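Taken straight from TrEMBL:
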TRANSMEM  6-26  transmembrane segment
TRANSMEM  38-60  transmembrane segment
TRANSMEM  66-83  transmembrane segment
TRANSMEM  114-133  transmembrane segment
TRANSMEM  140-158  transmembrane segment
TRANSMEM  164-186  transmembrane segment
TRANSMEM  198-219  transmembrane segment
DOMAIN    476-550  domain 'Transglutaminase-like'
REGION    569-597  region 'Disordered'
COMPBIAS  573-585  compositional bias 'Acidic residues'
TRANSMEM  611-629  transmembrane segment
Amino acid sequence: MKKNDFNLIEIAIYYGIVFIILREWLIPIMELTGTGHMNLILLFIALSLLLSLFRIHFVISMALKLIYIGWFIVYVYSGYSILSGEGIHFLIAELNANITLLLQANWIDVTDPFRTLLFLILIWMLIYLIHHWITVRMSIFYFLVLTVLFVGTLDTFTEYNGTYAIIKIILLGLVTIAFLFLKRLIVNSDIKVDWSHYLKLIIPVILLIGLSGIAAIFLPKAEPQWPDPVPFLKAAAGKGGNDEGVKGVSKVGYGDDDSNLGGPFVADDAVVFTAQSETKQYWRVETRDVYTSKGWEKSAYYAGASTVYDPYMNINHSLPIGPEEGTKQATILMLFPHEFVVQPYGLKSVGVTESNEGIQFLVDDNSEKITPLAYKKPTPLNYYTVDYSKPVYLYSDLKDSSLENLDPELAKRYLQLPETLPERVKELAASVVVGEESVYDQARAIEMYFRLNNFRYDTDDVAVPSEEQDYVDQFLFETKIGYCDNFSTSMVVMLRSVGIPARWVKGFAGGEVIDTNGNMKTYEVTNNDAHSWVEAFIPNVGWVNFEPTIGFSNSRAIDYNIEVPETERDELTVNEEETEPDEVVEDKKDGPQKKSAGNNALWKTIKEYKWVFFISFIVLVGALLFLYVKRKSWMPKVYVKLNGKKHLNESSFELMYLQLLKILEMKGFKRQEGQTLQAFAAEIDRYFETNHMGKLTKAYEQTIYAKESTNVDFEQMKESWEYLINRATS
């Protein structure tokens with residue numbers, strides 16, 4: 001194969017790898033910005049690489065790229081033909097308008113077509129830079145580092161999952177680095193290598209990198225040992241709470257706007273607060289009472305009405321409170337600033353430290369949200385205590401409940417439903433409570449309905465209702481897939497459909513235990529624990545909390561003060577016992593449910609002997625570092641020993657000669673750029689006062705160029721080779 005053809009194929013391989021890596025750049029950009037026409041952008045990248053590959057004249061190359069960019073903008077943004085008068089007029093008008101905006105420093109109003117133009121020009125410049133790196137510098141290291149940083153940053157701080165992209169980039173990048181390293185070695189040594197020799201050198205490298213990639217993917221991996229720093233960074237930057245993500249994907253967390261529910265969300269481990277208490281419990285923030293068919297809003301009842309309380313004053317609210325002897329205290333440490341107080345069930349009062357002068361608490365009579373005030377202005381409160389006594393409900397009162405003599409004002413407010421609510425929702429609710437006599441039993445039947453009828457908890461595959469659809473109707477009859485908002489809203493609507501007053505509650509689930517001190521436990525509550533549930537009004541009892549969401553349990557304390565049949569008691573115990581809320585049941589897709597016992601045993605062993613492994617690792621790194629520093633003294637000896645008993649032929653002699661050049665360079669005898677091998681050999685022979693380097697170089701050139709290996713005495717060449725190595729290293 002001719003040298004030009006060989007170089008063309010070689011560079012084509014490099015450009016093919018670059019194309020794949022650039023595609024990994026584009027995927028997150030398209031995904032996160034909602035940009036379309038990715039195939040057309042990839043086509044522009046391919047065109048630019050091909051023009052560089054075949055070294056098309058600069059003027060022609062630039063003209064072709066400009067024509068493509070012009071066609072792209074006209075085709076995507078106007079629909080005209082680039083050859084038509086309308087298309088050219090559109091292009092000129094866009095350029096004139098946006099250049100004027102740039103001259104005025106009006107960056108915000110720059111139009112999408114002009115931004116696309118700048119983006120394509122940026123790709124053009126990047127490809128030119130890559131072409132320079134590959135063909136002139138013969139190194140792609142900086143491009144690889146930039147790519148890894150770019151994808152890694154997006155994977156860390158956005159919803160983009162770059163796991164497999166990073167693996168592909170690293171493996172392809174290492175292969176390219178190996179190719180280019182070999183290329184530099186060949187060029188600097190001024191040797192001729194055909195395809196067979198080239199493949200012998202590069203195939204082992206590809207196999208090694210491939211095996212490393214397979215091992216990295218399939219070998220067991222330890223869980224992260226350090227806490228995720230991203231939530232802390234986001235919290236420090238003021239990025240907590242419920243954010244709107246890309247393309248309508250929300251970020252989990254507490255938010256104020258509940259008017260449009262639905263759609264997927266992504267997790268957020270940012271810690272909102274820690275709670276020190278004896279038991280795990282739900283933390284109530286506020287309620288909503290108007291269902292709009294798309295979400296929740298506050299009604300006009302008690303609009304603007306509120307009550308201000310001083311610290312430690314008993315707070316009046318609609319919820320029942322437990323007995324005085326059951327009073328407990330929880331300590332709240334807010335790690336992200338929110339202008340509300342988290343309330344346990346049975347809240348009595350809120351306390352602050354002496355340093356918090358001027359603090360009061362504003363209770364919204366509509367939503368029952370408690371807002372801290374500092375000198376009459378809303379303010380986040382970092383530290384406070386809450387006194388509470390969890391309500392205990394008498395089972396006899398729950399069983400005797402009925403809807404007779406219901407307060408008309410309460411019914412008007414908490415039985416509200418939109419006129420557009422589909423009739424089948426009401427029919428379903430009525431069918432669920434058939435045979436249940438008490439209000440409590442009817443509410444329990446609706447609460448249990450979701451667990452018994454193939455509904456599924458999911459945060460990813462969650463639909464958003466169309467303009468004509470009802471949020472609850474879509475969930476109950478079409479998708480049956482959702483998270484807490486779907487389940488809780490549906491239960492409230494079903495309760496109201498059968499005449500039971502109900503309201504939608506939002507706040508936080510109990511969190512995770514991070515510390516224990518005697519009877520007190522410290523719970524860490526994150527944005528992932530933001531939650532919604534249901535409160536139903538049971539006549540003669542009051543507001544009672546219910547938890548319809550699959551995988552959660554908001555326990556109620558029930559005093560079974562009457563005889564309950566054993567079968568009924570068993571059923572009640574399952575759902576009413578004083579248990580801590582369960583973890584959200586996650587959907588594990590496309591993966592094993594548990595690690596194998598072997599993997600667990602392996603990691604257990606590693607953890608038990610972690611200091612041994614750590615010290616061994618330090619010793620190993622130190623030994624490798626020592627060997628690297630002393631390589632000039634031991635590598636020549638290894639070369640001599642390895643090649644001493646080897647039978648020489650053309651291929652092995654070529655390798656030995658290159659090793660000699662490398663050792664001479666390590667010892668300070670570097671071949672100058674443009675210097676021929678014969679001139680370099682003469683310089684070495686003059687220095688060592690010998691003729692061995694000249695003999696070796698002459699034999700090497702015969703082997704490489706003239707292929708006259710039959711006239712070369714390889715055993716004599718071996719002696720000359722060993723002599724020079726010994727002289728160079730002595």
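Note: Cβ is positioned from N, Cα and C throughout, glycine not excepted.
A TrEMBL annotation is a machine prediction, not a hand-curated record.
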Can you work out which residues elsewhere in the same chain, 6+ from the ends of the transmembrane segment (140-158), have a Cβ less than 8 Å from its Cβ atoms? 14, 18, 21, 24-25, 28, 32, 129-130, 133-134, 165-166, 169-170, 173, 176-177, 180, 230, 234, 246
Surrounding residues of the transmembrane segment (164-186) on its own chain - C-beta under 8 Å, 6+ positions past either end: 10, 13-14, 17-18, 20-21, 24, 27-28, 134, 138-141, 144, 147-148, 151-152, 155, 193, 198, 201-202, 205-206, 209-210, 212-213, 216-217, 658
Quick one: DSSP breakdown of the domain 'Transglutaminase-like' (476-550) into helix, strand and coil? 21 helix, 36 strand, 18 coil
Please work out whether the transmembrane segment (6-26) lies in contact with the transmembrane segment (198-219), by counting C-beta pairs under 8 angstroms that are 6 or more apart in sequence and asking whether there are at least 3. no
Intrachain residues whose Cβ lies under 8 Å of the transmembrane segment (114-133), provided they are six or more past its termini: 18, 22, 41, 44-45, 48-49, 52, 65, 69, 72-73, 76-77, 94-95, 98, 139-140, 142-143
Do you know the mean pLDDT across the domain 'Transglutaminase-like' (476-550)? 93
Looking only at residues six or more beyond either end of the transmembrane segment (66-83), which have a C-beta under 8 A from one in the stretch? 37, 40, 44, 47, 90-91, 94, 112-113, 116-117, 120-121
At a C-beta cut-off of under 8 Å, are there same-chain residues at least 6 beyond the transmembrane segment (198-219) that contact it? List them, or none. 167, 170-171, 174-175, 178-179, 182, 651
